[in-house]
Amino acid sequence: WGSRTLSRACAGEENWVDSRTIYVGHREPPPGAEAYILQRHPDNRIVSSKYTFWNFIPKNLFEQFRRIANFYFLIIFLVQLIIDTPTSPVTSGLPLFFVITVTAIKQGYEDWLRHKADNAMNQCPVHFIQHGKLVRKQSRRLRVGDIVMVKEDETFPCDLIFLSSSRADGTCHVTTASLDGESSHKTHYAVQDTKGFHTEEDIDGLHATIECEQPQPDLYKPLGSENLLLRGATLKNTEKIFGVAVYTGMETKMALNYQSKSQKRSAVEKSMNVFLIVYLCILVSKALINTVLKYVWQSEPFRDEPWYNQKTESERQRNLFLRAFTDFLAFMVLFNYIIPVSMYVTVEMQKFLGSYFITWDEEMFDEDSGEGPLVNTSDLNEELGQVEYVFTDKTGTLTENNMEFKECCIEGHVYVPHAVCNGQTQAPCAHMCMREREELFFRALCLCHTIQVKDDDDVDGPRKSPDSGKSCVYISSSPDEVALVEGVQRCVSGRVCPFKHLRFPLFTGEIYLFCKGADSSIFPRVIEGKVDQIRAREGLRTLCVAYKRLVPEEYESVCALLQAAKVALQDRERKLAEAYEHIEKDLILLGATAVEDRLQEKAADTIEALQKAGIKVWVLTGDKMETAAATCYACRLFRRSTQLLELTTKRIEEQSLHDVLFELSKTVLRLSADMQDYGLIIDGAALSLIMKPREDGSCGNYRELFLEICRNCSAVLCCRMAPLQKAQIVKLIKLSKEHPITLAIGDGANDVSMILEAHVGIGVIGKEGRQAARNSDYAVPKFKHLKKMLLVHGHLYYIRISELVQYFFYKNVCFIFPQFLYQFFCGFSQQTLYDTAYLTLYNISFTSLPILLYSLMEQHVSIDTLRRDPSLYRDIAKNALLRWRVFVYWTFLGVFDALVFFFGAYFMFENTTVTSNGQIFGNWTFGTLVFTVMVFTVTLKLALDTHYWTWINHFVIWGSLLFYVVFSLLWGGIIWPFLSYQRMYYVFIQLLSSGPAWLVIVLLITVSLLPDVLKKVVCRQLWPSATERVQVRAGRGSRAGGAVPRAQWGRGALSRGPSRSRRCDRWKESGGGVVSPGITAEA
């Protein structure tokens, strides 16, 4: 009996083949039952890590060499090993090894943290029922069919069928915030035939089987959803429950919903990859030119085979094309340093370390919630400085999601609880004689909710009854429901009292169906009631209430229909929708409620600043048009002078969609000529029509027309939007022909789709759970923090990394172009200009730290200026600092400097007797001279670009130059026994002993830096940008104010502190700037 009943209750359809049979407590069925088939199920271990101890090295190497740059340098390294190349394999192998090692350590550390989290989860204790007793085991040992006991505030270790509860009614309350982001308390019900089993002995004596569907990831279509307790959910306000494991380990719904976010790539990264392709083409061209010129130059016999370098017989008989290909590869190896392999690791370090400046920002810490900003991915830091569209949710993002009952309307009569009259607080509806409709209205509000009440101060619930004498706590499924119940208390009793003490007359023998929802859902189902008298009040959220009477026969039919739909294993969603559609019809409208959701602090200032920065703000909400429009006016998205254009279902019903779009398009063009400020309002139904393909299979024309209208609007409000439609809007703008950078911000699980769709997703850590924050790239406590996130952090991140990318390409052009020129003077023999040590350490040691520190700390203007003047954000819009014009300028600057280095040193060497004792400089001295000028020039170029100077800047920049000099003295001043050659011995010392060499070094550095300095001066005087004008004003103010530190912020500079808290205090005092702890601004 138990077996049949439980199987029927949890399965519903016996003919469903894709199902599993579970024997509760691992008890075999009695003799005569169906054949016992042992099914294998996974254990309860959760594995979120990517690697194991054994596969880490091969798997990580495989993943890293899938990157084109790493694979390219691996090929170059192998070529150096296989053929005779002019440079040692160490010159390519060591930088590649460094990059691979650093990346592997970073990824290994992250995976170790995942292993650590998995072990903590898999080893947590779980209570099993075994032989009528409680046994404590590790979670990973749990198997399908085990009976588990879970206590209050514990997390369910796997997906369980709810057997019984400590509550007499067989219910329990759970929170699923870790699953779907909803912080509400949901009520679940034990299987009817087992809810009376309250002790371990009773549960252990249960003989039953469960027939259920195979695991699937959908959280909202589980088998017998009110009986299923999901892993990751937490038991609340219930002493204990018993359940049987049905899905374990990686088959639980939580594990099946682990989704790896699609890899988002920033605009800077895309530009960097394009620039790499350009430089790869340059590299191939250089190698090809040198190969051709080599064989042209060697076409004369005495050049091909000079007397001092006779070829062997095998060399003479080698195939010409094979020799040419080998030479081509050798030139590729010689010039391969133009592709900066170390740039990748520097960029990753800059992003990783730079992300901490957001989390350390005290100004973005919310003291009320105790939450600070979170960085879930550091790959998009610079994208925060490129945002062109912001898509924001309304409830909980722009507003506080803190609801307050304002009024209700019953049959056209408005009731306001605690109305203020002549300075006296009254309850005008407190002692009214309630007619039947009023009574039904308040009864519906008291019944249509998921609130639980407990007289306990320590209960886990989001809201309390604020004015109650007793410590009565309301555990709400949403803030709206608490506000409605408290509003009913005020209206019915005239005073606030615990909800459970409200009493209404009973309607004996009558059955009522109450329905509460938005007007768009209720009005189509209403056949009676004063629909025209119920209108949304400005800025208030409204819900309509309706009812109908059911006769007993109809009630039985309804219950049977719903039960059959709930336990269906096939098409459950469709069957439930059909059942509700059948039940919820022919309703009688009772009235409506109005709840106010207050605007968040500084939400209006934030939107105003974003608009001044040239960012278009769209509001995407599920609320009705009137409520959403009022909020948009309140937050200054719409202004009183804004002319609103409506693209709504009501207007489309009066005209065709085609006519409405063309009429709006004409209006937009006319208003654009008049410089009129206007906004657009569109609802979800109208958007569906625009996105819906037409009969000829095309929908592009409507979309393009809609996009054209939106582009010319200062703000857009999309109301009545489903979560999927929010994502569709974001995708529509993201894929438009301009390809703008989009940002989506929201606080609820219904905002996750648009957060994942946008280029940058930001979650607000609000009252609707953490699903949005977990799925986002960044998370902030309040909407107001978006202003600093974009206008300050985003601006600075973009400035820094764009300089980093351009500077890396510039210094590598300076590095390798003299090597290219040198081939014209050495018979294209692939002779290297620089020593092997210089080739290896140039990007790793001599020039790496200054640009890394610059990319972490540079502030071209002060933090306060960026915050005060949002228009500065426009200067960096549309990837302004990584456009082709800027890229070509940096490349030609590198070529010019390389020409100065090489030919300046070359003309100096025309007078070969340059030392006092008449010694002649050799080719290694020539290469060392070029290399010395180059290291000093590229480092001083970065110093000239630096606006924010601290002691650590001075230490790293001048320290790098000093390190180069010291290294060169040691490298050339000692005979190293492990080297097979000593070609650099005494070279650098001999170079520095020459007076003309010193003069040439100073002169060439000056000539190299002069054009860039002149260009900046001329452009600043003739065509200054807004940022440059601000810098000039700041410089004048600094000089007028006397000895003011050049980079000082706010009231004081940052200095080293003994603890993190003191550093954060100074951080806040200085304006929340993006600098490292322990840095003092220098005058």
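Start at 1 and count along the chain as shown; that gives each residue its number.
Keep in mind that glycine also has a Cβ here, set from the backbone N, Cα and C atoms.
Keep in mind that TrEMBL annotations are predicted by a computer and have not been checked by a curator.
Positions annotated as active site, 4-aspartylphosphate intermediate by TrEMBL: Asp393. Listed in sequence order, Val619, Leu620, Thr621, Lys726, Ile745, Gly746, Asp747, Gly748, Asn750, Asp751 are the same-chain residues six or more apart from Asp393 (active site, 4-aspartylphosphate intermediate) with CB atoms under 8 A from its CB.
What TrEMBL records for Asp393, Lys394, Thr395, Glu481, Phe499, Lys516, Arg541, Thr621, Gly622, Asp623, Arg720, Lys726, Asn750, Asp751 is ATP binding site.
According to TrEMBL, the Mg(2+) binding site annotation covers Asp393, Thr395, Asp747, Asp751.
The annotation domain 'P-type ATPase N-terminal' is assigned in TrEMBL to 39-92.
Marked as domain 'P-type ATPase A' by TrEMBL: 123-254.
Sequence annotations record features per position, and here TrEMBL assigns domain 'P-type ATPase C-terminal' to 773-1025.
Of the binding-site residues Gly622, Arg720, Asp747, Asp747 has the largest number of other Cβ atoms within 10 Å of its own Cβ.
The Cβ of Arg541 (ATP binding site) has Thr395, Met403, Asp480, Ala594, Val595, Glu596, Asp597, Asp623, Thr627 as same-chain neighbours under 8 Å, each 6 or more residues away in sequence. Using DSSP to sort the residues of the domain 'P-type ATPase A' (123-254) gives these counts of helix, strand and coil: 17 helix, 53 strand, 62 coil. In this view, the densest Cβ surroundings among the binding-site residues Thr395, Asn750 belong to Thr395, judged by other Cβ atoms lying within 10 Å. If you draw a 10 Å sphere around the CB of Asp751 (Mg(2+) binding site), it holds 32 other CB atoms from the protein chains shown.
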